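Take a look at the structure set out below.
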Amino acid sequence: MGLQPLEFSDCYLDSPWFRERIRAHEAELERTNKFIKELIKDGKNLIAATKSLSVAQRKFAHSLRDFKFEFIGDAVTDDERCIDASLREFSNFLKNLEEQREIMALSVTETLIKPLEKFRKEQLGAVKEEKKKFDKETEKNYSLIDKHLNLSAKKKDSHLQEADIQVEQNRQHFYELSLEYVCKLQEIQERKKFEFVEPMLSFFQGMFTFYHQGHELAKDFNHYKMELQINIQNTRNRFEGTRSEVEELMNKIRQNPKDHKRASQFTAEGYLYVQEKRPAPFGSSWVKHYCMYRKAAKKFNMIPFEHRSGGKLGDGEVFFLKECTKRHTDSIDRRFCFDIEAADRPGVSLTMQAFSEEERKQWLEALGGKEALSHSFNTAIIPRPEGSAQLDKLGFTIIRKCISAVETRGINDQGLYRVVGVSSKVQRLLSMLMDVKTCHEVDLENSADWEVKTITSALKQYLRSLPEPLMTYELHGDFIVPAKSGSPESRVNAIHFLVHKLPEKNKEMLDILVKHLTNVSNHSKQNLMTVANLGVVFGPTLMRPQEETVAALMDLKFQNIVVEILIENHEKIFRMPPDTTFPEPTCLSASPPNAPPRQSKRQGQRTKRPVAVYNLCLELEDGDNPNPSKEDTPTGSLDSLSSPSPVTAALPGPPGPDKNHLLADGGSFGDWASTIVSSRKARAVYPCEAEHSSELSFEIGAIFEDVQTSREPGWLEGTLNGKRGLIPQNYVKLL
């Protein structure tokens, strides 16, 4: 598992875990900065110390071999894997040169030192400056909040209103700065992949001419060099596409942060100040806590956390809610307060203070207090508005007209589909095409009124305006899985299988479009639109996740790979039926369903794991399938557990329970998932060997304590023999 994505929506919660993820990104950048600094020093030694060339080269090779990129997300593309492995390839090449003991050219300064110094100064240095601003604004923001919340409620309303406005303006400024800093952190993590490797590639290219056998070595290295250049260019192209999508998401969240809150296992969560009473005459103090509440279990967690002390995390407390009461200012000299009484602490009442009146009302609603708002604390994901574009007869006519015009007039145009048309013209063309009365009157093939770039932009815009993407929300995750792992053949077979699961109209439209894109790629020498370039353009057009998050956008590069596979294998995928003996895509890696794929060195071990089966097609008798009410299930808490799996038949696995039967002694998978909130123990039904320090190793029959849902999809958290860690959810049976 690489670095965790930094969600823009988390900038508004500013939780302890969000700060931990920020620190992880900062630590990685610092590690990269130190490594580049050391590498620059080593490069200068090659120039200055000819006599110690052998020592300098060996150290340089050692540095390259030991460095490894950290990638955002749960998997890497083949291009990124090659980029990651390229440093080890460079190291091996240096060792071969050392055996010949030839003198390296002094052109290292221009090809290596200056680009790395520029990257370190302009990119990493810029991030350091942003960090200083972010830390300074954090201190200012929470200091002002502390001061503001200490204002007496007896002051004049005008004074209080002015103070409220000042605090809100400062908070908005803090959020703006936080969004920019988070965006910059993730951008530099992605940017360093190619901006660091490219100077290295130039450096190695320059070395060939300065060695006695450089010509032969260059010939041997040439094939790998060309592949790496393609890897770098593909990664750069995907980076540009992903960056534009991420910036678009950031702007959406900046405009309406409340409409883009992430689904959470908690009914409510956020910061509250908790009054800590002391013996007279010392009075009381107010301590900031990060609080989380599950309505179904009435379980309240609160953890002290102070941003200004370097993010120090205190010991948490857990209790069960009995009742919540609003506090009025005539009973306490603070605003936005309410009292909580714990069911498991008789006679104990806690007074808490929210950041604002609106947040107090939200907490009161979630906790069952008075003056509840009409909306939930965790705002549901707002579905995309349904546009007028449809997969109907008119829709097929529009796409066919556009494709025919492009192939007739502009198949050799450079940058076809990458060069965008003027927005107003594109909208005017779409309006005419989507009107039944004028559609057939529009002549795209012979009229000079419509430029090719206007037509291509209209085609893409129409596809993006469909109520759901052409490759559907339901199959989005399934298409992504094979793009992340497996052999090239297994990827093609898996995507072939999934295409034939699409609705008939979707498959027909996809066939028409991909056939056209195949034709476009066949003219890539003229139009420069290779398969990889078309993947970058049409990945986000044909596929998109239902929920827009940074984590989802990090999978954009895998969407591009899926489109590349469709183009390269159009005839097989659309003209031949899929292999009926081929397992469904989730069977390809033998990983637990929804479990995060591991990076290359662990993938071989992961294939040894069995796959438990969730047969969702079997029906239960009424008495065997109690449906939990919505009140019992916190919003968003079971998304990763209850998502339907495409596996509907027995999958290969170790000897054990009949995997065609329902899980957990007759309960369905949905029942099993719905009980996870209240169940506390589980028993292992398969053995497992940990592949990461965060996972648990166990044998069949092991009993886990305090089992809870994990934030990592496909996994649970539990305690075994005093150690807490991750457990594959399909390896255990709840007790």
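Glycine too: its Cβ is placed from the backbone N, Cα and C atoms.
Annotated in TrEMBL:
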COILED    225-252  coiled coil
DOMAIN    265-372  domain 'PH'
DOMAIN    389-574  domain 'Rho-GAP'
REGION    577-608  region 'Disordered'
COMPBIAS  599-608  compositional bias 'Basic residues'
REGION    620-659  region 'Disordered'
DOMAIN    677-735  domain 'SH3'
Practice prompt. Take the domain 'PH' (265-372) and count its residues per DSSP category (helix H/G/I, strand E/B, coil), listing them in that order.
Written response: 14 helix, 52 strand, 42 coil
Worksheet, complete the sentence: Over the coiled coil (225-252) the mean pLDDT stands at 82
Worksheet item: When the domain 'SH3' (677-735) is classified with DSSP, how many of its residues are helical, how many are strand and how many are coil?
Response: 3 helix, 28 strand, 28 coil
